[in-house]
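Participant: Quick one: the structure is below, questions incoming.
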Amino acid sequence: MGTRDSNNRTFSEIVGLIKSWLPWRSEPATVSRDFWMPDQSCRVCYECDCQFTLINRRHHCRHCGRVFCGKCTANSIPFAPSDLRTPREDWERIRVCNYCFRQWEQGDGGPHVSNITELSTSPSETSLLSSKTSTTANSSSFALGSMPGLIGLNQRVHHGSDVSLHGVSSMETSVTKQGKETSRRSSFIATDVEDPSRFALNSIRSDDEYDEYGAYQTDIETSHSPRANEYYGPMEYNGMGIDDVPCKHLGGETADQKSLSGSPLIHQCLESLIREGSEQFQKKSEHDGRDECEASSPADISDDQVVEPVDFENNGLLWVPPEPENEEDERESALFDEEDNEGDASGEWGYLRPSTSFGSGEYRGEDRTTEEHKKAMKNVVDGHFRALLAQLLQVENISVSDEEGKESWLEIITSLSWEAANLLKPDMSKSGGMDPGGYVKVKCLASGFRHDSMVVKGVVCKKNVVNRRMSTKIEKARLLILGGGLEYQRVSNQLSSFDTLLQQEKDHLKMAVAKIHAERPNILLVEKSVSRFAQEYLLAKDISLVLNIKRPLLDRIARCTGAQIIPSVDHLSSQKLGYCENFRVDRYPEEHGSTGQVGKKVVKTLMYFEHCPKPLGFTILLRGANEDELKKVKHVVQYGVFAAYHLALETSFLADEGASPELPLNSPITVALPDKSTSIERSISTVPGFTVSTYEKSPTMLSCAEPQRANSVPVSELLSTTTNLSIQKDIPPIPYGSGWQAREINPSFVFSRHNISLNLPDRVIESRNSDLSGRSVPVDTPADKSNPIVVADETTNNSLHLSGQGFVRKSSQIGTSIMVENQDNGSELTIAQQQNNEKPKETQSQKEEFPPSPSDHQSILVSLSSRSVWKGTVCERSHLFRIKYYGSFDKPLGRFLRDHLFDQSYRCRSCEMPSEAHVHCYTHRQGSLTISVKKLQDYLLPGEKEGKIWMWHRCLRCPRLNGFPPATLRVVMSDAAWGLSFGKFLELSFSNHAAASRVACCGHSLHRDCLRFYGFGNMVACFRYATIDVHSVYLPPSILSFNYENQDWIQRETDEVIERAELLFSEVLNAISQIAEKGFRRRIGELEEVLQKEKAEFEENMQKILHREVNEGQPLVDILELYRIHRQLLFQSYMWDHRLINASTLHKLENSDDTKREENEKPPLAKSQTLPEMNAGTNSLLTGSEVNLNPDGDSTGDTGSLNNVQKEADTNSDLYQEKDDGGEVSPSKTLPDTSYPLENKVDVRRTQSDGQIVMKNLSATLDAAWIGERQTSVEIPTNNKVSLPPSTMSNSSTFPPISEGLMPIDLPEQQNEFKVAYPVSPALPSKNYENSEDSVSWLSVPFLNFYRSINKNFLLSSQKLDTFGEHSPIYISSFREAELQGGPRLLLPVGLNDIVVPVYDDEPTSMIAYALMSPEYQRQTSAEGESLVSYPSELNIPRPVDDTIFDPSRSNGSVDESILSISSSRSTSLLDPLSYTKALHARVSYGEDGTLGKVKYTVTCYYAKRFEALRGICLPSELEYIRSLSRCKKWGAQGGKSNVFFAKTLDDRFIIKQVTKTELESFIKFAPAYFKYLSESISTKSPTCLAKILGIYQVATKQLKSGKETKMDVLIMENLLFGRTVKRLYDLKGSSRARYNPDSSGSNKVLLDQNLIEAMPTSPIFVGNKAKRLLERAVWNDTAFLALGDVMDYSLLVGVDEEKNELVLGIIDFLRQYTWDKHLESWVKFTGILGGPKNEAPTVISPKQYKRRFRKAMTTYFLMVPDQWSPPNVVANNSKSDQPEETSQAGTQAE
């Protein structure tokens, strides 16, 4: 009995061994006893080394066959029986060792996981996904392996009786997975396999592989291996084979110039087609199913057509899919249909099937496609591709033309690239790679001829077999790939004990080789080393061995051959073997040595794995040149394959979308040069093509049925022209601005006709110093000689556009896009001005700050945000991430739609809502792509099980049908479109070029004017594009500009002056009439004559003021001139009143003798009493006919009866001397301040000189005051003079004179106690002349002489002018009434250069302006600085802190002192904080005794000299500052809580804000650091957004009668919003505590932080990349400075200027330091003792904390729109950033 059992057992073991060798049988998980380690050679446990005894028995692991003790084999795992229908609970469990048990638990590397057939959603790998293909393999040398250890998986395997390599069996796998995951879902469908060799050959990858879109699993994952000849079959473009691409482009084959670029070209002024409006979403009952989607209001169409709004919220029918274009697509196709596949040789993908070929409508059916269009389309694609390769060859310095005896590289590369691209079908499963560069490798072989170059359908590597006796040529080879090494180690680096190694090494290696041989491989590929014993065993078994293969190469071989990399021999199964039709090893002597190499020829050994079953790897072998040339060609080939591959995918996608296939389009082709330093002379143009005029398309005349007729020309015309291409050298550029209008060309490859945009990959772009200037590049390619050709340089971004013989270089102007159309044809040239206020001169001086890198053009940087419309919450805040085209983080378009939008099991991690509850928004450049999803309850699209994705669109600009935008017929997305890069899909969507956007069959843009729908089952996704406003950033300019146009306030001042003058002259005329009625006719004629003359003078002067010639930067109407005329009218009123009084008293002298009167009119004048000459250097416009000045300064006007008056003042009696050369006034003698003769209180009587004119009948009061009789006088000898300080009299460039007259001096207040009477001027009649007949002198003295005499004779005492205020008018009273109504105070002495600044009691800036122009202020701020005073004790202001503590670490370097120097000698080095050691302030006091009472004004100017120097840098001139400050108005500023006084200057240039005492003390402390920081920022052009403070003053007024006194400290700050139309205004502190304005209505409402945060989800503020960087740099610099100065609680004021798309911003309120009261406030708010939210940080925190919070908030508030294509043109000094700015944002790249 025992013998029989033993025989039976032996027989069964033999049968089992034979069965294990049969390839058709799945091997069980238990290892055959033949592969168990022998008992006698194993004396200790393999794991714990314990000795085996009678008690401690040996136990073999049923999985690896090694011997262990009982403790080490205590685990068991389930074993799937051969009948996979056996229920799981009936599965047998087998004993395994601890290591195998851990492998089973981990599920990686063991057969339990690796044998699972991975299923793919990719339609490229299964007929389930609408490819309608079923394939069989003729390489059936694989047996279906075992699938042991599958838990939860049901598998059924039917074994056929045919055990041959071509046997047939079937397998049906049904894989299900229960449960639903929160953010990922995996479901599988059933599949049938009719061939045992058609198992999944793709390698298994972890489902947990990271994906930047989130952890999603595919819905359907299957893969099948078709026949090799089917994989390598020709691809067809709607029946147009690509395999027959000719090697030479015949002359009759033309290429269309219409570029269907996917690359974003520079935006034109095309506006939004669908602007996202207010979106209301309500979450309804889950069982209702009528979920509302988002509302969209399409507006702002680029033409005049009005688009009706589309109501997404209420129009559920908008989402209903239209009818299918092809009824056959509606049918649910069988899973495998052999007949359907027989005619489709396009392979696994079913690329470009006839049903989904070019175009829409009639072009999708074979019977509706003409051969002419197919041929023309093929010519377009091939022509542009050849042009691209020709350009790349030129970059590599490789000749494009045929050389003697050699074939052109252009033809060879074109053929190889197309062949490789057509064969390539990447693994589109979730774990597969998309990059075609990872599947096609290029090898260089310096032997043979160029035409020997070929595409190997497999892998070629530089390897050889270990032993020469091993086979090097095997047909139908079976490969086994082993990871690690084949040595006596369990796994790599796991060592065993020495004695165990000695005992078991040979036995183990023999068993391992036996296991390998049992699988019958022909070739063994090992990653690392192999033991010598094993090598001998393998040689004996006739197995070729290859060692030390790098892991990437192993992966490629495994991917192509279908093998799996086995970690150890314990996991062997026949299912893991690979296969290739031909394996061989060849040796090639390299005949063409490298340049400079001599001697022995190198022999290169190459190993071939040819005709692999899967099209997942190819090798292009380049031959026929030396190594150096082949390396250059290699770069071109690598890119050529990438370009050809993407060309096919993008073309198919556009065809599916319904892009119009019209050929005659007028867009130039753009070709980008790689990263090279090229100039205009070295630029090349090799792009073939032609231009056919485009007829105007009328949307109402075109229909979907006839998309071709409006724009087509016969194809025969398209194929009629040819040209040769050559490099253009030394072509003179057309100057910009000479009528040329151009358009910027984007540096991207634009594939003609079908929107293929390809950019150089990183591996291709390498800087090479190749001289392209002298090469001729004839290319036998059709093109019209008048074709506009563009060569764009990626590095410089200078687009060069060649049109015939014309040549234009891209303008450097920011925001101006340039395109020069065909010059020969006279095409219209257009300019799209994208930004209104760009300044070319400022841009040209700026260096490119962020140069683009080549990698930028191989990826797209987008911003993504997601929000739940059901809950109204933001699920995913806007963030940046980069998608590299076809890279590891890219996805096929089909998978993105399936995983992200159509996965009904998806639940958002944030809101737990499904995908249809969300709206996703991608932003890039100037547009946003909004994705909405809707679940249809009553409609189901067919083909869900097959994975069909349907496409259609609705045009928003076509006439409505039943109230809805018309829809196109829906089509099934082709397999090639399914595999399109999602990144390229986004690039297509955001591109704003006419070629890229493509026109639909109705003539409108697909991506701009249409809603694009994608449907799958009952899920529909809608993609819609809308333009967004990308704002640039405008920082406070370093030099303030003044707007001199359209200033209403100056017009009002002008009208007031004219009105006063008219009132004066009319009042005088009326008074003259009254005098005439009383009988005083004697003087009436003379009075009327003088009145007419003075009125004519006034009108002439006003005309000169209003119509003067002005230079750039000067006001059209000088307000200071108006002030002077206003003051002159006041004195003219006084003079006319005296004239009329005098005339009314002459009735007693009616009969006087005329001769006597005439003698009295011409009295002799003493030399000491001569009339001073009028200022010769005046440029006053008020000089009329009475007083005219020649350029030499001599008075040539008529002086009336005073014609004997000397024209030069006597130097012994006058106060001043004038220069002989005219104009400049200088003191006659320089005396120190202590030598003033006024110091001696000596009575000085006015003595009447001989011949002095005596005035009669004047008012006694006025006359007494006039000559000083009522005052204590001192007599000034005629030989004494009053000398002025030289610094006062020097001509300061800070104050350009209006009238360079005599500069009066306002003596300090303490010196005004001396009452001095001066000799009366000859122009002023004296009362001492008693002869009444001489009173006619009032008429004979011209008014201007009288006015100037007043200014000259009362320089030293403003009290003399007060006498005018004491005069009571009799005839002329209008001026007195104006004063009583609160008018300006004009009786104050004039300022420097006779400048008149009126003072208004309710306008503090007028007081400041007057003080700044006073001689006293100039004396105190003179260069010597003796009179500068310090008021620390009086003002209770602490001394400034040491400037050394304020030295923020900034990278801008030290201050350039030459930049800070002021032109004036007084202003030199005033900004240097170290030049003064104490706070220097100037105080000016002045007063007026007017009608309203005596008032004293005191103005204290803090840091007067430093502020003056700062203004010298930041302002065009000091006079502009004075003009602006002369008038102001109270301003109700909003947003602040301090309730302090606010005012604005009437020109809106400056803002006046009251400063509290604490703020003033804080500023005084850190003012030196402020001046230093601001000066450094300006000199180094470092970005800063501090709103410049140009002065801080204390203004005090005191009414002497009432004793009322007011004081106010104010600062003068630039108005950041000057000249702006701001719709929204934000005051941002970075805090959320009490930072919300509930009343946001109104145009001037200031919004706060919470208002901005609330608006961000729906209406965010977008800025460009460069603008964001500029903003951050400025904020970083300023906050660092403010924190060092212990300043906090500042704000960023942001105004949104929608007209210019700019953010006008600046930091304000930075005067407050962190003092003890702020400490206390912070503590109270933090603890919440007095109420308020406790969970929010207080607004008042320490400066360092405030800085960090402020920076973070400002970075978050403004969303950056990435745009990697725009040239960097941030201009720091005028704070302009480019309009969509791009992007290589440092630190924001999310990959």
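Residue numbers in this text run from 1 along the chain shown.
Including glycine, each Cβ sits where the backbone N, Cα and C put it.
These came from Swiss-Prot, pasted as-is:
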- CYS45, CYS48, CYS69, CYS72: Zn(2+) 1 binding site (BINDING)
- CYS61, CYS64, CYS97, CYS100: Zn(2+) 2 binding site (BINDING)
- 279-293: compositional bias 'Basic and acidic residues' (COMPBIAS)
- 838-850: compositional bias 'Basic and acidic residues' (COMPBIAS)
- 1151-1164: compositional bias 'Basic and acidic residues' (COMPBIAS)
- 166-186: region 'Disordered' (REGION)
- 279-370: region 'Disordered' (REGION)
- 770-790: region 'Disordered' (REGION)
- 834-859: region 'Disordered' (REGION)
- 1151-1242: region 'Disordered' (REGION)
- 1769-1791: region 'Disordered' (REGION)
Participant: Can you count the other CB atoms that lie within 10 A of the CB of CYS97 (Zn(2+) 2 binding site)?
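Facilitator: Excluding its own Cβ, the number within 10 Å is 27.
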Participant: Let me spell it out: for each of the binding-site residues (CYS48, CYS61, CYS64, CYS69, CYS100), count the other Cβ atoms within 10 Å of that residue's Cβ, using every protein chain shown. Which one has the most?
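Facilitator: In terms of Cβ crowding, the pick is CYS61.
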Participant: Any idea what the Cα distance is from CYS64 (Zn(2+) 2 binding site) over to CYS72 (Zn(2+) 1 binding site), rounded to a whole Å?
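Facilitator: Rounded to a whole number, the Cα-Cα distance is 13 Å.
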Participant: Near the Cβ of CYS45 (Zn(2+) 1 binding site), how many other Cβ atoms are there if near means within 10 Å?
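Facilitator: 23, counting other Cβ atoms within 10 Å of CYS45 (Zn(2+) 1 binding site).
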Participant: Whole-number answer please: how many Å between the C-alpha atoms of CYS48 (Zn(2+) 1 binding site) and CYS97 (Zn(2+) 2 binding site)?
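Facilitator: With distance taken Cα to Cα, CYS97 (Zn(2+) 2 binding site) is 12 Å from CYS48 (Zn(2+) 1 binding site).
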Participant: Which one is it: of the binding-site residues CYS61, CYS97, CYS100, whose Cα lies the shortest distance from the Cα of CYS72 (Zn(2+) 1 binding site)?
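Facilitator: Given the candidates CYS61, CYS97, CYS100, the nearest one is CYS97.
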Participant: Inside 10 Å of the Cβ of CYS72 (Zn(2+) 1 binding site), count up the other Cβ atoms and send me the figure.
Facilitator: 19
Participant: I need the neighbours of the Zn(2+) 1 site defined by CYS45, CYS48, CYS69, CYS72. Which other residues of that chain put their C-beta within 8 angstroms of the C-beta centroid, in sequence order?
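Facilitator: Those within range, site residues removed, are VAL44, TYR46, GLU47, ASP49, CYS50, PHE68, GLY70, LYS71, THR73.
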Participant: Would you list the other residues of this chain near Zn(2+) 2 - those whose C-beta lies within 8 angstroms of the C-beta centroid of CYS61, CYS64, CYS97, CYS100 - in sequence order?
Facilitator: ARG62, HIS63, GLY65, ARG66, PHE68, THR73, VAL96, ASN98, TYR99, PHE101, ASP570
Participant: For the C-alpha pair, I'd like the distance in angstrom between CYS61 (Zn(2+) 2 binding site) and CYS69 (Zn(2+) 1 binding site), rounded off.
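Facilitator: About 10 Å separates the two Cα atoms.
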Participant: Roughly how many Å separate the Cα of CYS45 (Zn(2+) 1 binding site) from that of CYS97 (Zn(2+) 2 binding site), to the nearest whole number?
Facilitator: 11
Participant: To the nearest whole angstrom, state the Cα distance for the pair CYS97 (Zn(2+) 2 binding site) and CYS69 (Zn(2+) 1 binding site).
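Facilitator: Rounded to a whole number, the Cα-Cα distance is 9 Å.
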Participant: Look up CYS48 (Zn(2+) 1 binding site) in the DSSP assignment and reduce it to helix, strand or coil.
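Facilitator: In the DSSP reduction, CYS48 (Zn(2+) 1 binding site) maps to coil.
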Participant: Just the number: how many Å between the Cα atoms of CYS100 (Zn(2+) 2 binding site) and CYS69 (Zn(2+) 1 binding site)?
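Facilitator: CYS69 (Zn(2+) 1 binding site) has its Cα 15 Å from the Cα of CYS100 (Zn(2+) 2 binding site).
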